[in-house]
């Protein structure tokens, strides 16, 4: 028997996991314990953080539309992902996926992180653009590792206040 099973109908898999591809879960990993983190992420989903991935990330917008806010050279840029689009994001490009459409689905493929290689999560000031907070983590599980980091940032006025201009980051997207 093959470790990851035999081929399966991916559209049917998405339909069967649709209840996990919307808030509050929003994503589902296709295979466990592989060399790749293969995830389907659904909408609606709005994020206020920017991910600093040490490796490339592959996006394939299967259903609906989404976009990525990118933080490049001190300013925010936008990359649209229309249904059917694929995109390869280079390593260390800060990005914040935005999935405003209910029922949307995006295949995201990332490399597993070797020991000692960390991911960064950053929040920027809406008023002046300076970095408000950065946290690094040895990412083992997207589902288990990220919520405590995000909750700590959202719960702390100290972490959310911009040291440069004093503006308060609004916290969690609504």
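Glycine is treated like the rest: Cβ placed from N, Cα and C.
Annotation source Swiss-Prot lists O2 binding site at 47. Neighbours of residue 47 (O2 binding site), defined as other CB atoms within 10 A of its CB across all chains, total 18. According to DSSP, residue 47 (O2 binding site) is assigned to coil rather than to any helix or strand.
Per Swiss-Prot, the feature Fe cation 1 binding site maps to 51, 57, 95. Over all protein chains present, the Cβ of residue 95 (Fe cation 1 binding site) has 23 other Cβ atoms lying within 10 Å.
The Cβ of residue 57 (Fe cation 1 binding site) has 20 neighbouring Cβ atoms from other residues within 10 Å, across all protein chains displayed. What Swiss-Prot records for 57, 99, 110 is substrate binding site.
Packing around residue 128 (Fe cation 2 binding site) is summarised by its Cβ count: 12 other Cβ atoms lie within 10 angstroms of its Cβ, all protein chains included. According to Swiss-Prot, the feature Fe cation 2 binding site maps to 125, 128, 162, 165, an assignment based on sequence analysis.
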Exercise. What number of additional C-beta atoms lies within 10 angstroms of the C-beta atom of residue 51 (Fe cation 1 binding site)?
Worked result: 20
Problem set entry | Taking residues 57, 99, 110, which bind substrate in the record, the widest Cα spacing (Å, whole number) | 18
Problem set entry | Least surrounded among the binding-site residues, given as 125, 162, 165, when other CB atoms within 10 Å are counted | 165
